[in-house]
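Asker: Sharing the feature lines straight out of TrEMBL:
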SIGNAL    D:1-24  signal peptide
TRANSMEM  D:34-56  transmembrane segment
TRANSMEM  D:68-86  transmembrane segment
TRANSMEM  D:117-141  transmembrane segment
TRANSMEM  D:148-166  transmembrane segment
TRANSMEM  D:197-216  transmembrane segment
TRANSMEM  D:247-265  transmembrane segment
TRANSMEM  D:285-308  transmembrane segment
TRANSMEM  D:320-344  transmembrane segment
Amino acid sequence: MTSQGLYVDGVTVTFDGFRALNNLSLLVEPGELRAVIGPNGAGKTTMMDVITGKTRPDTGIVRFAARDLTKLDEAAIATLGIGRKFQKPTVFDALTVFENLELALKAPRGPIACLRWVLSGVARARIEATMEQIGLAARREDLAGLLSHGQRQWLEIGMLLMQEPELLLVDEPVAGMTDHETEQTAALLRGIAGTRSVVVVEHDLEFVRALDCRVTVLHEGSVLSEGSITHVQADPRVIEVYLGR
Amino acid sequence: MREPSHSVTRRGLLAAPLAAGLTAPLAAPALGQQAPIRVGVLHSLSGTMAISETALRDTVLMMVEAQNAQGGLLGRRLEAVVVDPASNWPLFAEKARELLQLSRVDVTFGCWTSVSRKSVLPVFEELNGLLFYPVQYEGEEESRNIFYTGAAPNQQAIPAVEYLLGADGGEAKRIALLGTDYVYPRTTNRILRGFLNSKGIADADILEEYTPFGHSDWQGIVARVKRFAGEGKKTAIVSTINGDANVPFYRELGNQGIRAEDIPCVAFSVGEEELAGIDTRPLVGHLAAWNYFMSVQSPANTEFLTMWRNYIRNPRRVTNDPMEATLIGFKMWAQAVTAARGTGVDAVREALYGQKVAAPSGYEVEMHRNHHLSKPVMIGEIRADGQFDIVSRTPTAIVAENWSPFIPENANRRR
Amino acid sequence: MPWLIPRGLAAALALLLFLSAPARAQEYEALLPGLAGGFAQQAETVERLGLLGDPRAIPLLQAMADARLLRLADGSLAPQQGATPPEGATLIRINNRVRGALRGALGRLQLVSPDPAERSRAAEGILRNRSAADIPLIEAALAREAQPPIRARLELALGGARLASEDVAVRREGIAALGASASPEARGQLLAARAANAELLPDIEAAIAAIDRRLQLRRAAETVFQGLSLGSVLLLAALGLAITFGVMGVINMAHGEFVMLGAYTTVVVQELCRGIPELAPWSLPLAVPAAFLVTAAIGAAMERGLIRHLYGRPLETLLLTFGVGMILQQVVRLAFGAQNREVISPDWMMGTLLLPGGVAVTQNRLWIILFALAVLLACFAAIRLTRFGLEMRAVVQNRRIAATMGIRTGRVDAMTFAFGSGLAGLAGVALSQIDNVSPNLGTGYIIDSFMVVVFGGVGSLMGTLIGAFSLGLLNKVLEPYAGVVLAKVAVLVGIMLFIQRRPKGLFALKGRAADQ
Amino acid sequence: MNRRLVLMLCVLALAALPAFNALPADHPLHVPDFLVSVVGKWICYAILALAIDLAWGYAGILSLGHGAFFALGGYAIGMHLMRLIGPRGVYGHPVLPDFMVFLGYTELPWYWLGFDWFAFAFLMALVVPGLLALVVGWLAFRSRITGVYLSIITQAMTYALMLAFFRNDMGFGGNNGFTDFKELLGMPLNTGATRAVLFYASLVTLVLVFWGCAHLTQTKLGRVLTAIRDAESRTRFLGYNVTRHKLFVFVLSAMIAGLAGALYVPQVGIINPSEFSPGNSIEAVVWVAFGGRGTLVGAVLGAFSVNALKTWLTSVAPDLWLIVLGLLFVIVTLLLPKGLIGLLRRRGS
């Protein structure tokens, strides 16, 4: 298949007999923006867990940049260029905004390297630029724990950008955001896609429409439907799943 | 119930520099003629050894109180300084230094375990202090700053084993040496092995087993001893099991039906105090070897028991050998101070040599130049009421051999 | 003392059997003063009295064995009646040698007693005489004995007696009889007989080999029992932790001290019962609820007063409870003294029980195994069947929802912690039967209990059960090879490696719920 | 700046102790030997507290087995001190220490080789605890054993070591451990001058370790550790190999603890297996909690204050000190979650 994109084939994950993912297959091209939707329990988060190495699949293939992800741990997968934003924003509360971004900055990650790390001018400039981009420049010295919910979402997106990932996995990025912020976020994600792949998991169909991309619908751990938003919304199976049986 | 003489001590130490801060030095008051004589008490009051050592603290306090009631020593009052080294060996050394340098004690009564004695020994030697050590131990030591009032191996272990080999003891042909894994049992058993070999008992007829401190599950080992005993020769157990481990050991012995008539067990670390925690009915006839038993009939013992009961105000509290050794040590020290007309360590040391005390054991014991006492050896059988029937005793007090002839390396010892 | 009638009957029987001449009565009188002599003389006198067969000796010898024989002021001997000896009387002291002789003599004299317990003891006593002189005596007793356990012992005794015979054929019979047993004593006797019986050596070796085969099986069974016993102690110590740590996530470093408090409650109950003769034999069963209530109450107070403020901060709880443990230990030390306290075992918990196949198990440990299983069952029942159990599970799974449904979560927390603490108290009651009752009692068990809970899987009672028993067994299987200490070290290292493979223990919760 | 001044004053005050000790005994400012040796001991404890704080306060690794690393460091130096006794032992054996002589050893066990060189022993005081931490840490962190589980595992580690070292067959002197030391680096151990040298060596080490830890926590590694402490999984998704970072700090912390033990043993003159007892490790953690975890000053303050209190109370109230100390732990964890230092800072601001 493709050598650069994300390739998921026949992945099954069971927890105590419950099939969270059932023979799931997915292909994301380099530079593609993809939205993944589905009702609660459809397996969206588990899919992210499998890709990022948090959960090991029982069977199936997960490949990115020609590497078998099922053999790697979270850190190695992240270093490979897969960044993840969690549903609940998780930033480091005891560190400042600047330090949060500095930690995310693409750089050698080993303990000795960290010990000897000196912030270069170029790196500082990058962090400054990102802070501008996410609108937190004024709060650079504040502890992340003091930020509002929306600001934490942005900070986390900022951290994702600092990682310079090839593939971004974004879990419900606009939860708790105002309409204006939602629009901004959609624009940001659209801007990122093109140079790198982005997979967005979302409930908010308005937001998905704003993303204007290919949509995958998950149901009971496998792909129910795939295509443009209009195509998907017209699919009778999707309607059945969403509107009740 | 707690003793009154304590509060005096506390006031004295409250003034210690630690209260004032880390750096405030102690301006030690010059000891005038009227200043009290200070008696250090270095026994663990918490931690694993508290179980044995608190009674010795009480004994020293009792003796101090009695001496003060008689007008003190040399016209000066005695004052006890009690500290808690908490069963922690480095803390023993620290507290020893504190007693000698801060509290300026004239004499110290303390330690139970060998390791605590080894820990304080350099301190007492460096600062030229005086320590009375009241517990039976493995020997192989002689410090000019320590007086050993407990038994050396030849004053306890060897006579006891001799008894087992004799007609009254059942003519044992096989011996199981059970001990806690530390230096006293190891050394004692080494000496005993040498002794047994000299009596014609081969190594194949000796079983040696060690267990950790506080060992509580004796099923396997008692079963193994039973098997060892089942080889057709009269077998006896020699136990150097220490402290806490004895209760579960004796319970297992009783429950597995090992009776004293079949496999007698003689112990060197089990006295009245340890038996107070055990239901002794199944253990009747098992033995212990000491230099004193509470059941001894002698005027000195009657006096000791009365004094103890009046002091502790609990009719069920017992006396035991280390308590008697503490009492002997205290009396000897008091006599030596009187003889030396002062508490200076060097003078008291010289005065101690040859000091004699009519001990509660009913014998007259004497301090020798090897810093050890001559002591009688008694073998007692456990009774149903937790006391001992004395079934054998040496006719006279025996001089201590703190350097055992059964340890060949002692020939090369530095003197 | 209900001496007279049954003993009189026995005496009459014995008299019929052995008293052939009235001259013996005189010899009896002449022997008696020897009982008050030195140990050697005592032993010899006892032996001769046993051979003489005069039943009048029975009460005297029995009293002597029980340390109740008095030498009265007039020089005559009599058993002590009542609590204090009369004026001028002295107690006759004996030693082990005399005690052994007494057992043998009483064995001879009481072998035909109508009381089965007495006969059983007599058989035990005569077993150790190993004298050819006993052969006719034992044969006569065997002829009328109906009870199988006593018969077995008598047969063994007969074998032993025959082995001491002058006649080679009789000796051969004896060897065969001993070889048919599975008794270590018989094996010992055979081993000892090897030197004197060169001509019978093949028979003896075969008999020993036969015994060894039977003993090997028995030894394996005994090792299993020892393992189960250790396991049951671990189970008891760990059950409380499985609740407080496993269910509530509270690290209670004072758990060992709760065990210790349970043991001290046993002591106190025993002291209270001592004054009331009807209650005295029941002090241990009475201590069970008492210990549960006392430790549960202290646990509840501790939860409400201290731990409640630290939920969600497990490491702080650890330090706090460590401090509480220090306080409890020293308070008990000041209140009860640092010395061990004596706990008397009821008679039904003492001694050894012979299972079929000759496997000997100690009664107290057997009771503790049963007690541990009973406590475990009660735990299951409390959690699965009671309202409290339901509420507890609800609060554990989702505190907020439970609260919205009207469950008073604070009360449930307190009760759960009290329950766990109460279980620790029960462990204390059991441990008072095998270990020291001292302020340090608990410290020896805390680490082992944590290991059991972690190994078995936190939050799973089943895991605790399996964990405790498998660790107990493993320890006892390794012990003969590695020694006590290395066996324990090996088990600890084994657990560390195991946890590495399965971080959540044997019975782990899986899936998303386990990640939190 | 103000704080730095206070710290420097404290160090100077400590440094003055042996100097005042050298004054004649009747001088009003004379400090008794006792105080010098006791404070020297506390300094070693403070280094241990720093080691624990580095792992617990900064990286969230609560080890209840740091006493084991401390004791191993102590044993390494203890072995050297034993070798230095040479033929001056009781039995006058040219090579074997006394305990080996009476246990019937005929030659030195292989693992005693090399310990006659100070440099080797000193190296081992760092390497052995470090290696143990590496193995245990690797096993634990790799399988993501965290929080309470890690605490219990490390507790089991020190417990197992204690049991093992109590065995006389191990060749480490069993229960009696090592005592009767004579000299170190040519200095006889029982003189005031040597005590002063050891005191200063400890003080300098404390300052260096403090400075090193302070520096480390200021680097990006320090921030990564904080990140791991607060959100381990998130840090992993950022691409940090958490296992490696934790292992690094755990091993470093174990080596610092070993260093503390190595300084401690020559000063107290004894090392025995009870140093491995789990209670000791927990107590050391309590110092850190008491002083205030997550701040280096807090760890040092905690070690000094708890031990000073203990030294004082065991003399003043030998029957009640456990209760007083226990109550204090309860109060601090309950009311002062940030420890003494939190209280001082609140007062200060």
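Any Cβ shown, glycine's included, is placed from N, Cα and C.
Model, not experiment: these values are computed from the prediction.
For each feature listed, report its degree of burial, its nearest neighbours and the pertinent distances within the displayed model.
Answerer: Within its own chain, the signal peptide (D:1-24) is flanked in space by residues 30-33, 35-36, 39, 43, 192, 195-196, 199-200, 203, 207, 297, which lie at least six positions past its ends and keep a Cβ under 8 Å from the stretch.
Long-range contacts of the transmembrane segment (D:68-86) within the same chain, counting only residues at least 6 positions beyond its ends with a Cβ under 8 Å from a Cβ of the stretch, are 48, 51, 94, 97, 112, 115-118, 120-122, 124-126, 128-129, 132-133, 154, 157-158, 161, 165, 172, 177-178, 180-184, 189, 253-255, 257-262, 264-266, 271, 273, 275-276, 281, 284.
Listed by sequence, the residues of this chain that lie at least six past the ends of the transmembrane segment (D:117-141) yet keep a Cβ under 8 A from its Cβ atoms are 65, 68-70, 72-74, 76-77, 79-80, 150, 153-154, 157, 184-185, 242-243, 246-247, 250-251, 253-255, 257-259, 261-262.
Residues 11, 14-15, 17-18, 36-37, 39-40, 43-44, 46-47, 50-51, 53-54, 184, 187, 222, 256, 259-260, 263, 266-267, 296, 300 of the same chain lie 6 or more positions beyond the ends of the transmembrane segment (D:197-216) yet place their CB under 8 Å from a CB of it.
If one looks beyond the transmembrane segment (D:285-308) by at least 6 residues along the same chain, the residues whose Cβ comes under 8 Å of a Cβ in the stretch are 3, 7, 41-42, 45-46, 48-50, 52-53, 56-58, 62, 64, 66, 206, 210, 213-214, 217, 325, 328-329, 332-333, 338-342.
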Asker: Taking pairs 6 or more apart in sequence, does the count of Cβ pairs under 8 Å between the transmembrane segment (D:34-56) and the transmembrane segment (D:320-344) hit 3 or more?
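Answerer: Between the transmembrane segment (D:34-56) and the transmembrane segment (D:320-344), contact is absent.
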